[in-house]
Amino acid sequence: MVLDKKYYDRREFEATKVEDVLGGEEAWRNVERTGVNCANDRCDGKEAYFKQMQTRSADEPMTSIYKCVECGTQWREG
């Protein structure tokens with residue numbers, strides 16, 4: 001039996017940027033700062049903006065999201 005009909009289409013989807021998901025630059029405007037070393041090895045930053053979000057179920061700890069004040073690198077813990 002030979003299939004004469006094409007059963008799939010290849011589509012390219014544009015990846016959503018992390019900034020867009022987290023609210024972009026506007027979301028970082030009024031957040032607190034904390035003393036923490038930057039996750040970027042090439043940056044000597046010792047301070048970062050941070051916010052906490054509940055990204056998993058309620059019985060799991062909150063996720064802390066950081067953004068370096070100097071270079072803008074973002075990382076998360078938790």
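Including glycine, each Cβ sits where the backbone N, Cα and C put it.
All annotation found in TrEMBL is predicted automatically rather than curated by experts.
Taken together, the residues of the domain 'TFIIS-type' (34-76) have an average pLDDT of 91. As annotated by TrEMBL, domain 'TFIIS-type' applies to 34-76.
Around the Cβ of Cys43 (Zn(2+) binding site), the same chain contributes Cys68, Glu70, Cys71, Thr73, each under 8 angstroms and 6 or more positions distant in sequence. Residues or ranges marked as Zn(2+) binding site in TrEMBL: Cys38, Cys43, Cys68, Cys71.
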Additional residues surrounding Zn(2+), by Cβ distance to the Cys38, Cys43, Cys68, Cys71 centre under 8 Å: Ala39, Asn40, Arg42, Asp44, Gly45, Ala48, Val69, Glu70, Gly72, Thr73
Cys71 (Zn(2+) binding site) - helix vs strand vs coil (DSSP): coil
Binding-site residues: Cys38, Cys68, Cys71 - member with fewest neighbouring CB atoms within 10 Å: Cys71
